[in-house]
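As recorded in TrEMBL, the features of this protein are as follows:
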TRANSMEM  6-24  transmembrane segment
TRANSMEM  36-56  transmembrane segment
TRANSMEM  68-86  transmembrane segment
TRANSMEM  93-115  transmembrane segment
TRANSMEM  121-143  transmembrane segment
TRANSMEM  155-173  transmembrane segment
TRANSMEM  185-204  transmembrane segment
TRANSMEM  216-238  transmembrane segment
TRANSMEM  244-264  transmembrane segment
TRANSMEM  276-295  transmembrane segment
């Protein structure tokens, strides 16, 4: 499959979501409710279905996990440096800090499935099981001074983490759900990626691009170019090859998660700069993601 064949359908659905929200008269609460449905039902179904049916080789996957954790820590460090480089107000820093390491899982799963099928979905799902809690803890830590939130509960009972843990357990234990349950889960998982990508497009916001521009573009540069380069170097040093190499670099190259905007708004950060970073990284990823895939030989 060529890069264009893998990438075009993904960003076509993102652009479709952007157009649907702006040109169709849907009720104001439709999109938030769709986000909840994807987050609590469709997406967990995909993760559980992919991981539970995948023969996980922890010995082979451990170097990939180590690489991912190291570049996630590097992203956090680079994000924190922005506090001293640009001296943005605390609420702006707390919100923009996330852009250096948070990743859009919907886009990641779609690309991983396009380039490596079920193996790609399982590998990136395994990474998400470790990186989602790290990202949540770091983001909540930065935002904690600006509001109150049940952050520990949100992390422990995160549906994505729970689905990942369940899928890994079933895979390692050699367990299988009866077809009566497995088939509905498989059908739900098929709906998750198109609905998730449409929701990403619907969440793009054309605002605040002129506020704190240096902070904004620093985060964009780190997320789309610097972090994938770090991941590539680490993956080479750790001897990763094949699907594990590709997924490790892909994970680092993803645009910023829309969850960063939701969390910033919930915990009192500057939501406008988070929205701008989500929008800019998603749009520029239409160029940078194919670039990284081409460099990896796709």
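Quick reminder: no glycine exception, Cβ is built from N, Cα and C everywhere.
Contact count against the transmembrane segment (121-143) (Cβ pairs under 8 Å) is highest for 244-264, out of 6-24, 68-86, 216-238, 244-264, 276-295. Contact between the transmembrane segment (276-295) and the transmembrane segment (68-86) is absent: fewer than three CB pairs lie under 8 Å, with pairs separated by 6 or more positions in sequence.
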